[in-house]
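Q: Shown below is the structure under consideration.
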Amino acid sequence: MFPPNLLPFTQFHSILTHSAQPTQSVKLSSHVVILPSTQTDIPPLSSGGNGGADSSSAVAPTDLLFSSVDVGALVAGIFLLLFGLLGIFLYILITSSMMRMAHEIVGFRFLISQSFTDILLMIQFGVWPGIVILANNEILPTEIRWHVHVYLDFTWWSMVYHYTIVAWSRWAAVQGPNWFRTLPTGTCIVICALPWFAGLMQSFVEHQFEWFEILYYSPERFGMASDWYRYMMNGTHVYYMICNVVLMLLPFPLYAAALAVLFRRQRKRHTELRTRCSQFTSSTSCQAQRQLSIETRLLVPCIINTVLFVVGQIFITHCSKHGRWMNWAVMLVFAANSFVNPLLYLFFR
């Protein structure tokens, strides 16, 4: 029926439908016909060939590790974290020493209260953002950003108000040394509580206005982030600038008045020396000179902190929107604003 060298069409069609499978050859009537194979040939795997996978696309485990790690974030986070922890450690040492002498030196009571705000700020601008950057996560839920910012501004304003309290304490120590030296501990605690209460009230009230724009921690920004357009245009920027400038100027009249009292007292003592040159008078003059030197050196922390504060304000208003490293520098400057105090207490005592 069919020529001896041809297969039936139906059989040949079934062979063609299986042509995608691995095949073997069968010889029929002097002609070779392609039939499906009963075995599947698996190409051998080799380290240099293309068997199954291209070896050129293989990635070493170390390459995968370093490609998944942001080295910049690692450096930024570790530096802020260690910077904040070191500052806290130094402050604990200094504060513990002041606590032991606070019953004798009344001025230390106000510096201890200020040290608590600085420790909280080193956590706020050093330890906390460092952990956020390293974890690449805001850590806290976004729903509580408003509440977190209430706390952040509370510690900030408390620190700013403490500048005025400390300046007043130094003026009082010079203007009325006998009265200041006998100041009861309870009275000092009430005075030290005033900046904490004022900072809490200001932070809570400012957050009630719709135009006020909050800030929050952002690992991508290496620090704080916000809706910067609303921050600048709705009045938050102007509000911060006015409050910070006014509150940072308040201590200077008190320091100026303290210096005026010291210089006037020093001039009076020198006049007494000309008329009465005794050992007692000489000793009193030396003591006054030492007191003048101490009070003058106490101005240094406030001056340096004021400069750092101004620099920080420039950074936060002009640099926070221009890259994550500029934003990281804002955190560093604000942390340094508190970090420098224990160093100054050590070198200018």
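Just so it is clear, glycine is given a Cβ too, placed from its N, Cα and C backbone atoms.
Keep in mind that TrEMBL annotations are predicted by a computer and have not been checked by a curator.
Relevant sequence annotations retrieved from TrEMBL are reproduced here:
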- 71-94: transmembrane segment (TRANSMEM)
- 87-345: domain 'G-protein coupled receptors family 1 profile' (DOMAIN)
- 115-134: transmembrane segment (TRANSMEM)
- 154-173: transmembrane segment (TRANSMEM)
- 185-205: transmembrane segment (TRANSMEM)
- 238-263: transmembrane segment (TRANSMEM)
- 298-316: transmembrane segment (TRANSMEM)
- 328-348: transmembrane segment (TRANSMEM)
Q: Out of 71-94, 115-134, 154-173, 328-348, what stretch is closest in contact terms to the transmembrane segment (238-263), meaning most Cβ pairs under 8 angstroms?
A: 154-173
Q: Limited to the domain 'G-protein coupled receptors family 1 profile' (87-345), I'd like the whole-number average of pLDDT.
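A: PLDDT averaged over the stretch: 84.
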